[in-house]
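*Asks:* Below: one structure in C-alpha cells.
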Amino acid sequence: MNKAIEVGIIMGSQSDWPTMKEAAKILDELGIAYEAKIVSAHRTPDRLWTYGKEAAGRGLKVIIAGAGGAAHLPGMMASKTRVPVIGVPVQTKALSGVDSLYSILQMPKGFPVATMAIGAAGAANAGLMAAGILAISDPALAVKLDAWREALSASIPDEPSDD
Ligand code: RP5
C-alpha cells in the first residue's frame, strides 16, 4: 500500500523545480511521501485557493512552498491553511533572491511562514525541517533523521585538504 502523502512541495513555476528538487531529494532519502505541484500565486490563484482550502482535510502535515521574485505563494498559502508552511526563497537573476527572501519573510502577525535561506541550501533545509516536524510524532522517522544527521557529521573531515 502506498504511504499517505504528508508533505506538499509547491512552487510558483517550473523554473523553481531545480531548486525545489533539493527538498524532494531529502524527503526521498528519508522515505517521506510527498507530492510536488506548480501552484502560482499570480498565474494560478484559483489553484492556490483550492490547494490551501483542501490541504488539512487531505492530511497534509507540512507544506514547503518555494517562489522567486514577488514571492507571494508561501505567505498566501499560510493565510489559507493552518498546515505549517515552510518558505523557500528561490534565487533570482535580477536581485539574487533578496527580493524573494523579503517577500516571504515579513509576514504580518497571525500567519507565519518558516522562512529558509535563499536557494538550494534553503530548499534542502526545508526538507529537513519538514522531517523534523513529522518526526515529533513518528518514532521510526526520528531514528532515520538522527542517522542522517550523524552521517553528515561523520562525513566532515577533521582537517582541510589541498585536493
Ligand atoms: C515566480 O516567478 C516563480 O516562483 C518564479 O521563481 C519566478 C519566475 O517564474 P518564470 O517566469 O520562470 O515562470 O512566480
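Cβ coordinates are placed from backbone N, Cα and C, and glycine is handled just like the others.
Curation does not apply to TrEMBL; its annotations are automatic.
Feature list, courtesy of TrEMBL:
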- SER13, ASP16, ARG43: substrate binding site (BINDING)
- 5-156: domain 'PurE' (DOMAIN)
*Asks:* When you average the Cβ positions of SER13, ASP16, ARG43 for the substrate site, which other residues in that chain have a Cβ within 8 Å of that mean position?
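*Replies:* Filtered neighbour residues, in order: MET11, GLY12, GLN14, SER15, ILE38, SER40, ALA67, GLY68.
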*Asks:* Between the binding-site residues SER13, ARG43, whose Cβ has more other Cβ atoms within 10 Å than any of the rest?
*Replies:* SER13
*Asks:* Can you see whether DSSP assigns ARG43 (substrate binding site) to helix, strand or coil?
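*Replies:* Once the DSSP labels are grouped into three classes, ARG43 (substrate binding site) ends up as coil.
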